[in-house]
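Okay, structure first, notes after.
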Amino acid sequence: MTKVSVDTAQLPFQPGPKPTADTYGLDEWRNLTADQQPTWAEHPDFSSSIEELSTVPPLVFAGEVDTLKARLAEVAQGRAFFLQGGDCAETFEGATADKITARVQTLLQMAAVLTYGASMPVVKMGRMAGQFSKPRSSNDETRDGLTLPTFRGEMVNGFDFTEEARVHDPNRMVRGYHTSASTLNLIRAFTGGGFADLRHVHSWNMGFASNPAHSRYESMAREIDRAVKFMEACGADFDALKTTELFTGHEALLLDYERALTRIDSRTHRPYGTSGHFLWIGERTRGLDDAHVDLLSRLENPIGVKLGPSTTAEDALALIDKLDPHRIPGRLTFITRMGAGKIRENLPRVVEAVEGSGAKVVWVSDPMHGNTVSTPSGFKTRNFDDVVDEVRGFFEVHQAIGSHPGGLHVEMTGDDVAECLGGAAAVEEAHFADRYETLCDPRLNHMQSLEIAFLVAGYLARD
Ligand SMILES: O=C[C@H](O)[C@H](O)COP(=O)(O)O
Ligand SMILES: C=C(OP(=O)(O)O)C(=O)O
Ligand SMILES: [Mn+2]
């Protein structure tokens, strides 16, 4: 994240002795149910790993988090749009300059399309620099009669199907921290160093010219180019377009990691999670009286909660009471992932209740997680048409109620993988053999990501 412009004179500086973790109850979660946690407390390196993480520099800074809070307040009030995207599960090996560049480029391209379509600012966020742990449906995986612990993300264990790789190893948290730091370093360099210049948006798309969605992108890119030239001719200051803000967020699943990276800010004396700007609670760990909700309720960061198809209006209202008791616009983001077949039926009652309560939450559509299917040969995939249908349903529901369809959350990559079926380039199962790379859920590839950005830009233009 670049261009931090927080006026420190305006911050509620607290004189006097610095509060401690106890002041804020930052360890209360330890007395509560914590689902989906690694079994590594007895590992010989557990204490030293936690100690190290408790003293390393923060990955993100409290002032940046405050900037994000201000941006999400705008989204909550219908004046901006929120784009979140990245891998389902980041990998250590995948944290290369090329792959990070491709993902950031794709996100920025998507954001440019959405900004043009929505005629409003787009708050950009990578599911990056921290998305290394996964909740799973099952604790074990069996192959050819051998049963081993399931893969839970590289911050917990390895993907290889061996006993050794599948051990829950706390040293992996430390490696995850350092991998996040180098990823963030590159993101900061890109977004602050002219790479994000809107005037280059066109050339970023080279190499995909044969894709049907490409021609559609090219024509809008030309329109953006024309708009930029028009503004330039009018004397607009284009230095402002050379840099951009790109925030980071991930599922705050590993409570050991999140707690170790919580810091009390020296300016405000308030606790901030410093592993990422935005932290969310997954569908499987959002129990109201459970550990994840407790720890995140105590942090200053804006918080997300995934809402699956079984979410009731009462669930949503109770989450608001816990996570946004002061009803701060943008403090809470509800990321709905109900599935294309259920969203039109199940979302309205949740949105109506929340809007009626006076809370100003950010509504985001995750059209991925309610639409996962497995092929007969065992690949997890998603049909592009289902993904599009859920986004369309999300817009229909919000448009009918008069609430702001505030954002899109996608599992995507900048690479030309074949993991989700369909789209303009017609990805088929036959392509999986060579181009299926994800270690967890299937991602939209570069072209499918752009395609969805165009579709959403179209919905926003009509909104
Ligand atoms: O990313 C989300 C979850 O980790 C994933 O969907 C769980 O998948 P599973 O059902 O294969 O465990
Ligand atoms: C685990 C995830 O999602 P959900 O909690 O919605 O299932 C995810 O975002 O990868
Ligand atoms: Mn996922």
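The backbone N, Cα and C atoms fix where each Cβ goes, glycine too.
A TrEMBL annotation is a machine prediction, not a hand-curated record.
Annotation for C88 (Mn(2+) binding site): spatial neighbours R127, Q131, K134, E411, T438, L439, C440, D441, P442, R443, criterion Cβ-Cβ under 8 Å with sequence separation of six or more. Under the heading Mn(2+) binding site, TrEMBL lists C88, H369, E411, D441.
TrEMBL lists R127, E283, R284, K306, R337 with the feature phosphoenolpyruvate binding site. Packing around R127 (phosphoenolpyruvate binding site) is summarised by its Cβ count: 27 other Cβ atoms lie within 10 angstroms of its Cβ, all protein chains included.
Residues or ranges marked as region 'Disordered' in TrEMBL: 1-22.
A Cβ distance below 6 Å to any atom of ligand 3 is met, among the binding-site residues C88, R127, R284, D441, by C88, D441. When other Cβ atoms within 10 Å of the Cβ of H369 (Mn(2+) binding site) are tallied across all protein chains shown, the result is 21. Checking the binding-site residues C88, R127, E283, K306, R337, H369 against ligand 2 with a 6 Å cutoff on the Cβ atom leaves C88, E283, K306, R337, H369, in sequence order.
Same-chain neighbours of the Mn(2+) site beyond C88, H369, E411, D441, judged by a C-beta within 8 angstroms of the site's C-beta center, are, in sequence order, M368, T372, C440, P442, R443. Neighbour counts of Cβ atoms within 10 Å were compared across the binding-site residues R284, K306, R337; the minimum falls on R284. Ranked by CA distance from H369 (Mn(2+) binding site), the binding-site residues E283, R284, K306, R337 have R337 at the top as the closest.
In the three-state DSSP scheme, R337 (phosphoenolpyruvate binding site) falls into the coil class.
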